[in-house]
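Per Swiss-Prot, the features are:
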- 251-260: compositional bias 'Polar residues' (COMPBIAS)
- 1-200: region 'Transactivation domain' (REGION)
- 241-260: region 'Disordered' (REGION)
- 294-377: region 'DNA-binding domain' (REGION)
Amino acid sequence: METIAKHLDVCQEQLLELYEENSNKLTKHIQHWKCIRYECVLLHKAKQMGLNHIGMQVVPALAVSQTKGHQAIEMQMTLETLLNSDYGTEPWTLQETSREMWLTPPKYCFKKQGQTVEVKFDCNADNAMEYVWWKVIYVFDTDKWVKVTGHIDYKGLYYVHGGHKTYYTNFEKEAEKYGNSLQWEVCIGSSIICSPASISSTVQDVSIAGPASHSSSSTTTTLAQASSTLPIGTAEDCVDAPPCKRPRGPPTNTNNARNTVCVRNSDSVDSTNNNILPNSYNSNKGRDNNYCTATPVVQLQGDANCLKCLRYRLHAKYKTLFVAASSTWRWTCSDTSSNALVTLTYVDEQQRQQFLNTVKLPPKVTYKVGYMSLQLL
């Protein structure tokens, strides 16, 4: 017993010295795991001899010391192969060569330069999880170590080796565990990466991907139904769209440069009139006709939290594609949908079309295009 106690004291003293030294050399960390391995051997032998204590230290069960000893052997041999590679002379901290780091995703790889990313599930800041994006990853390939770069996209955290992507964190699977829908946002500092649901819609409601084409049964379209031109004549009521900018000079004849759009009588965005009013018409006879403008708008409809997240993303990434965005609002009528609304305004139809061609909406957010007749004072 005295011999085991003496050897154990020497081993633990070496461990304390290594911890205090806090070296960045790989050889020191290999020595650290050798000491842990030797400590497990001594404790295992002491338990076999029937000892429950060595001084003030409790002797663990045989299975505990055996398992920990096997782990120490694994780490020692792994670090020795890393030492003999091209990366053996790089600075390595004790934390980077720890067992915990070895088993942190991606497992059985060494990693450096970790950065925390936040994933908000269901567009809800209160339902967020943090993950570590490793920018440098060391992967063992057959008989040698390979240094690769870590990446991040909407799907998850991954690295590329041999031309193949290996995801070690899949955000879709995480969304199934922590969210109520397959929708999430990845926040990296001030940058936001959208979930696939925000990039490509598969539901029947609209996803902004191009100019909208109307069907005979609905005012919304799917991504596959979007076309590059608007229909000139349909079974719906067709009216002439006004020029979108207020004329600076005398009124001009717009008959030769008229855009035709189809608007459903029941779903007009302009609540004051079911039809679109051209600039040459003004219901207020006491004012100059030139001051009446029909402003192009897009009305978004969906869950209030999703709309708030979307509005924040629009201001952060696409603020040049629209003029203004309203706060989240609702109709007060009791027989209307409980969905929230956000209204976007544009300088002209060209800016609105550029917005529709560029921005992608979450699948549960629909939109309607139209005009809002404003009386400019």
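The backbone N, Cα and C atoms fix where each Cβ goes, and this holds for glycine too.
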**OP:** Could you break down the residues of the region 'DNA-binding domain' (294-377) into DSSP helix, strand and coil, giving a count for each?
**Re:** 27 helix, 28 strand, 29 coil
Subject >> Overall pLDDT for the region 'Transactivation domain' (1-200), taken as the rounded mean >> reply: 92
